[in-house]
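Peer 1: According to Swiss-Prot, the feature Mg(2+) binding site maps to Asn10, Glu385, an assignment based on sequence analysis. The feature ATP binding site is assigned by Swiss-Prot to Lys17, His208, Leu209, Gly210, Asn211, Gly212, Asp283, Cys284, Arg285, Gly331, Ile332, Gly333, Glu334, Asn335. The substrate binding site annotation in Swiss-Prot covers Arg91. Residues or ranges marked as active site, proton donor/acceptor in Swiss-Prot: Asp148. Here Swiss-Prot flags His180, Arg241 as site 'Transition state stabilizer'.
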Amino acid sequence: MSNKLVLVLNCGSSSLKFAVIDAQTGDDQISGLAECFGLEDSRIKWKINGEKHESSLGAFTAHREAVEFIVNKILAGQPELAAQIQAVGHRIVHGGEKFTRSVIIDEHVIKGIEECSSLAPLHNPAHLIGIRAAIASFPKLPQVAVFDTAFHQSMPERAYIYALPYKLYREHGIRRYGMHGTSHLFVSREAAKVLNKPLEETNVICAHLGNGASVTAVKGGKSVDTSMGLTPLEGLVMGTRCGDLDPSIIYHLVHQLGYTLEEVNNLMNKQSGLLGISELTNDCRGIEEGYADGHKGATLALEIFCYRLAKYIASYTVPLGRLDAVVFTGGIGENSDIIREKVLNMLQIFNFHVDSERNKAARFGKKGIITTDNSTVAMVIPTNEEWVIAEDSIKLITK
């Protein structure tokens, strides 16, 4: 067994994903999810060596109790494995401009994450709860923070500054930050290996497609533009998020239709996207089923989703100058051969030609090139953010 194991924690507002990852291979020794925090039926599910387990956490429990269960029940039952854990790695959604790389957590870092909470009010406070719970449960282990925004700190000003009064950036930090950076970092690195090119000479466009979705232009291993902005709302059509729209729509909804700002925020984040257009579901699998059955709303939602994505991919050839490959990842990107084919068919001007057999084969965790031999390359690479977090954690504690 490797002596480079890391416990990776990803704390949401009402859930906690966890895994024990081998930083050398990326394999998970344990993985699980605690959910429904604050409710009567808080539960935890986990898998060890392929064997599934489930338990109640008790009514109205939360992150602290979940971490204690992981320590006292799950890891206590695997003492040999637990003894090999070298660090706890935390996924942090927003590091603002304060954090350009992963860091070992101390009080200064905790304060910095707190100061970025206004930029990610649903996520950063939950991450802080998880950090404090982990410190209490693992007082002797180093804790490491890995930021979703850090990868995008290499963007030039022309990509991240909004055309608003500059003082809003200077005084309040209002700018494009981007998300999914850990995923885009991983798949762009893996894409260079598939292409058999040095990372420094590889230009790819990565599409991380899930309930949240973003596109990033990666030039020589560095992010040079990305579709999400100050928050995860900007950019692509998503499961329940609207993505790009005319900002005056907000004014119209408030002053002409009587919405409150809170209602508009909720509408754009939780009632829009695939769900809002289809009036059916936010789940892409349900959208594809509706499309196959001829459901008008599902068909329109799918077409808009693919069209917006294709436009972004096309536009990101501008900062790259030369395109080596388009990479699909995330739950939708890895599994929807329908969406991949539709998007690439819209991009035939760039000489994309889908190989139907390869495209259908690249699903359920299988990676590979999905275009014909004479085509510009498009590929599927399953993301592994936990591996990046584990790798960064080991690198930092062994410096």
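A Cβ is built for glycine as well, from the same backbone N, Cα and C atoms used for every other residue.
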Peer 1: Between the two most separated Cα atoms in Lys17, His208, Leu209, Gly210, Asn211, Gly212, Asp283, Cys284, Arg285, Gly331, Ile332, Gly333, Glu334, Asn335, the residues recorded as binding ATP, what distance in Å do you get?
Peer 2: 23
Peer 1: Out of the binding-site residues listed (Asn211, Asp283, Glu334), which are within 10 Å of Glu385 (Mg(2+) binding site), Cα to Cα?
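Peer 2: Neighbours among binding-site residues: none.
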Peer 1: Which recorded positions (Asn10, Asp148, His180) fall within 10 Å of Lys17 (ATP binding site) by Cα distance?
Peer 2: Asn10
Peer 1: Round to the nearest Å and give the CA-to-CA distance linking Arg285 (ATP binding site) with His180 (site 'Transition state stabilizer').
Peer 2: 22
Peer 1: Going by C-alpha distance, which of the recorded positions Asn10, Asp148, His180, Asn211, Arg241 is nearest to the residue listed as 'substrate binding site'?
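Peer 2: Its closest listed neighbour, by Cα, is Asn10.
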Peer 1: Under a three-state reduction of DSSP output, how is Asp283 (ATP binding site) classified: helix, strand, or coil?
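Peer 2: Assignment for Asp283 (ATP binding site) reads coil.
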Peer 1: Cα within 10 Å of Asp148 (active site, proton donor/acceptor) is the criterion; apply it to the recorded positions His180, Leu209, Asn211, Arg241, Asp283, Ile332 and give the hits in sequence order.
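Peer 2: Candidates kept after distance check: His180.
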Peer 1: Using other CB atoms within 10 angstroms as the count, which residue among the recorded positions Asp148, Asp283, Glu334, Glu385 scores least?
Peer 2: Asp283
Peer 1: I need the nearest neighbour of Asp283 (ATP binding site) among the recorded positions Asn10, His180, Arg241, using C-alpha distances.
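Peer 2: Among Asn10, His180, Arg241, Arg241.
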Peer 1: Which of Arg91, His180, Arg241, Arg285 has the fewest nearby Cβ atoms, counting only those within 10 Å, among these recorded positions?
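Peer 2: Least crowded of the recorded positions Arg91, His180, Arg241, Arg285, by Cβ count within 10 Å, is Arg285.
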Peer 1: Output, ordered by sequence, the same-chain residues six or more apart from Leu209 (ATP binding site) with a CB under 8 Å from its CB, or 'none'.
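Peer 2: Non-local contacts for Leu209 (ATP binding site): Leu236, Leu309, Phe328, Thr329, Gly330, Gly331, Ile332, Gly333, Ser336, Ile339.
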Peer 1: What's the CA to CA span in angstrom from Asn10 (Mg(2+) binding site) over to His180 (site 'Transition state stabilizer')?
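Peer 2: Checking the Cα atoms of Asn10 (Mg(2+) binding site) and His180 (site 'Transition state stabilizer') gives a distance of 13 Å.
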Peer 1: Tally every other Cβ atom lying within 10 Å of the Cβ atom of Asn211 (ATP binding site).
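Peer 2: The answer is 17 other Cβ atoms.
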